[in-house]
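A.B. asks: I'd like to ask some things about the structure below.
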Amino acid sequence: MAIKKRSATVVPGASGAAAAVKNPQASKTSFWGELPQHVMSGISRMVPTLIMGGVILAFSQLIAYSWLKIPAEIGIMDALNSGKFSGFDLSLLKFAWLSQSFGGVLFGFAIPMFAAFVANSIGGKLAFPAGFIGGLMSTQPTQLLNFDPSTMQWATSSPVPSTFIGALIISIVAGYLVKWMNQKIQLPDFLLAFKTTFLLPILSAIFVMLAMYYVITPFGGWINGGIRTVLTAAGEKGALMYAMGIAAATAIDLGGPINKAAGFVAFSFTTDHVLPVTARSIAIVIPPIGLGLATIIDRRLTGKRLFNAQLYPQGKTAMFLAFMGISEGAIPFALESPITAIPSYMVGAIVGSTAAVWLGAVQWFPESAIWAWPLVTNLGVYMAGIALGAVITALMVVFLRLMMFRKGKLLIDSL
């Protein structure tokens with residue numbers, strides 16, 4: 001029996017050639033399938049900016065508060081104006097101020113860079129400016145214009161920034177809008193430069209301005225403001241709930257989109273001095289340390305090796321990278337056996353981070369691992385939280401792998 005082929009509907013393409021129209025269901029699947037790739041494109045371009053800003057900021061804090069022994073409650077500018085520093089120490093303090101200012105600027109560009117490259121991934125280079133503008137407005141929103149009937153005067157007020165939520169929404173919408181306009185707006189060849197350098201940028205910029213002012217900033221700001229209000233009102237219980245949530249979101253995908261979103265939330269709260277970044281910083285290092293530790297203790301606890309041969313050297317590498325603030329060293333373990341690795345390091349990260357916060361460890365500086373440890377309040381408790389989380393992770397993953405091995409559900413290519 002012959003198999004009949006359903007012919008595709010044909011419509012004129014943008015260049016006049018025939019183009020096949022895809023099945024609507026396929027297009028829908030394609031959208032949701034490609035969206036994570038666009039988001040990861042933005043994240044991958046944003047990470048170097050975060051690293052540069054974080055390391056330079058770390059230098060400024062180490063110089064001022066560890067080397068020059070400035071009290072934690074005194075800012076670098078106040079220390080400069082105190083008149084207590086001269087000569088080489090004064091030069092160091094000036095460099096610390098420069099590093100702090102420059103690092104802060106780099107951090108400020110992280111979200112605009114993210115939004116720009118998400119839009120660029122969706123709509124091409126024509127969407128890059130719209131994404132960047134939207135990302136910038138998500139961190140530095142336009143002032144709100146309000147009329148005060150008591151004084152019969154117009155005045156401005158500052159809205160709550162939509163931050164990562166706003167940047168994510170506007171980058172996706174702007175990217176697809178520019179892509180659609182580029183396909184639908186057809187002009188003669190001699191007007192191509194006008195279209196790409198003037199028409200599309202102006203239309204997309206106006207759209208971003210209106211969308212951010214009237215929709216996205218109010219929506220994202222309402223969410224961010226609500227979260228802050230609830231956590232602040234809840235006091236210590238709110239801080240512990242926040243620590244648990246941030247630790248879980250930080251650990252779950254080991255540097256992926258959820259991790260980065262949690263980072264933006266934590267950094268915004270830390271920058272505004274609402275809540276410290278303690279739980280996130282601890283949760284970054286617990287998974288790789290814990291999984292690396294599991295490769296060391298498995299044979300001592302069970303009498304057999306429970307990991308494949310290639311994971312043993314990777315475990316040591318993961319532990320080393322953890323001290324640099326890099327959690328991606330744990331990814332091979334999560335890929336090899338997600339059912340044993342992910343629950344283990346999630347539990348370890350949540351317990352270790354929450355315990356450290358509950359016992360009084362405080363970190364306001366938005367970096368992780370050795371770059372920030374000299375600036376942590378109650379460092380002993382902080383390190384105990386890391387150790388607790390790592391031990392829980394290691395014991396849990398060894399126990400789960402042993403159970404699966406005994407049930408014949410885990411094949412091990414041992415040394």
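Numbers run from 1 along the shown chain.
Note: Cβ is positioned from N, Cα and C throughout, glycine not excepted.
Annotation comment: Swiss-Prot describes 1-46, 123-126, 179-197, 259-276, 400-415 as topological domain 'Cytoplasmic', evidence class sequence analysis. Here Swiss-Prot flags 35-410 as domain 'PTS EIIC type-2', drawing on sequence analysis. Per Swiss-Prot, transmembrane segment is recorded for 47-67, 102-122, 127-147, 158-178, 198-218, 238-258, 277-297, 319-339, 342-362, 379-399, and the stated evidence type is sequence analysis. The topological domain 'Periplasmic' annotation in Swiss-Prot covers 68-101, 148-157, 219-237, 298-318, 363-378.
Explain the structural surroundings of these features, please.
C.D. replies: Averaged across the topological domain 'Cytoplasmic' (1-46), pLDDT for the predicted model comes to 58.
Sequence-distant contacts of the topological domain 'Periplasmic' (68-101) (same chain, at least 6 residues past either end, Cβ-Cβ under 8 Å): 56-57, 59-61, 377.
Taking Cβ pairs closer than 8 Å, the transmembrane segment (102-122) reaches residues 37-39, 41-46, 49-50, 52-60, 128-136, 138-139, 163-164, 167-168, 170-172, 174-176, 178-179, 264, 267, 366 in its own chain, all 6 or more past its ends.
If you look at the topological domain 'Cytoplasmic' (123-126), the same-chain residues 6 or more away from its ends with a CB under 8 A from one of its CBs are 174-179, 182, 196, 200-201, 204.
A Cβ distance under 8 Å defines the sequence-distant neighbours of the transmembrane segment (127-147), meaning residues of its chain 6+ beyond its ends; these are 108, 111-120, 153-159, 161-167, 170-171, 174-175, 177-179, 201, 204-205, 207-209, 211-213, 216-217, 220-221.
Residue counts for the topological domain 'Periplasmic' (148-157) under DSSP, helix first, then strand, then coil, are 0 helix, 6 strand, 4 coil.
Same-chain neighbours of the transmembrane segment (158-178): 35, 38-39, 42, 111-112, 114-116, 118-124, 126-127, 130-131, 134-135, 137-144, 200, 204, 207-208, 211-212, 216-225, 260-261, 264-265, 268, counting only residues six or more beyond its ends whose CB sits under 8 Å from a CB of the stretch.
Same-chain residues lying 6 or more positions outside the transmembrane segment (238-258) and placing a CB less than 8 Å from one of its CB atoms are 36, 39-40, 43, 230-232, 265-266, 269, 275, 278-280, 282-284, 286-287, 326-328, 330-331, 334, 342, 345-346, 349-350, 352-354, 357-358.
Remote same-chain partners of the topological domain 'Cytoplasmic' (259-276), defined as residues 6 or more beyond its termini with a Cβ less than 8 Å from a stretch Cβ, comprise 43, 46-47, 50, 107, 111, 161, 163-164, 168, 224, 227-228, 231-232, 239, 242, 246, 249-253, 327, 362-364, 366.
Tertiary neighbourhood of the transmembrane segment (277-297): same-chain residues 242-244, 246-248, 250-251, 254, 262-263, 266-267, 269-270, 307, 311-312, 315-319, 321-323, 325-330, 333, 341, 344-345, 348-350, 352-354, 356-357, 361-369, 372, 376, 382, 385-386, 389-395, 397-398, selected by CB-CB distance under 8 Å and a gap of 6+ residues from either end.
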